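To start, the structure under review is shown below, and the notes come after it.
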Amino acid sequence: MAWKQTPLLLLVYMVTTGSGRDRTDLLNVCMDAKHHKTKPGPEDKLHDQCSPWKKNACCSVNTSQELHKADSRLYFNWDHCGKMEPACKSHFIQDSCLYECSPNLGPWIQQVDQSWRKERFLDVPLCKEDCHQWWEACRTSFTCKRDWHKGWDWSSGINKCPNTAPCHTFEYYFPTPASLCEGLWSHSYKVSNYSRGSGRCIQMWFDSTQGNPNEDVVKFYASFMTSGTVPHAAVLLVPSLAPVLSLWLPG
């Protein structure tokens, strides 16, 4: 039963704490960040791994091209500890496409005070397969930091390892899948116990010919934030939460 508590605890957290943005603005929205468009819309020529979002995207064609480059001065240098293995890099590119292009992250957007963005996402429930496969693909590649959000040497215009940060394998810095997915970007993601196709977790990878599965996921979580309630069925799954949930549920 413990695995079933994760989405419910997340829902309770979201209902009680709210979000960093207006509760009426949770669906089909873009973050206020460096490369994001102000509103999502079609981008027919999105590059390669970002193409699944072409029907409705928060990223531009140029951003989608730049984030695929190893030496982009617009984006991030993946090869800061030697050349990253292609299988590993593909997961980082997919992560970047989700971050830049997805209009389905509204419930997890938080306000921040940073020079390059005013908003970020926090604790997005990432499908467990996406996290595990990311870690498996990268465990033998090299990096020098556990938190990639801060602490880089940007003096050359691209991110380089500081002198105090030696290069080791990903598995050295991230011994478990969760330590990678949750720690890498300062808890942007929270590894879900749910699988792809469940409608309860965000997918990095999906077949766009079958539609975007994250649209249903964001609607599910947004519905609780806008209504401020949790269904009676949830109480049956987690009896220990009943005293708390009963405060919100109608009689």
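Keep in mind that glycine also has a Cβ here, set from the backbone N, Cα and C atoms.
Take the candidates C59, C144, C161; Swiss-Prot pairs C101 in a disulfide bond with C59.
Only one of C30, C50, C144, C161 is recorded by Swiss-Prot as the disulfide partner of C97: C50. Matching Swiss-Prot disulfide entries to the candidates C30, C201 identifies the partner of C127 as C201. According to Swiss-Prot, C167 forms a disulfide bond with C81, chosen from C58, C81, C88. A Cα-Cα distance of 26 Å separates C81 (disulfide bond) from R120 (folate binding site). Within 10 Å of C101 (disulfide bond), as judged by C-alpha distances, no recorded positions are found among C88, K118, W152. Of the candidate recorded positions, C58, N62, C201, the one lying closest to C97 (disulfide bond) when CA atoms are compared is C58. DSSP assigns W152 (folate binding site) to coil in the three-state reduction, placing it in neither a helix nor a strand.
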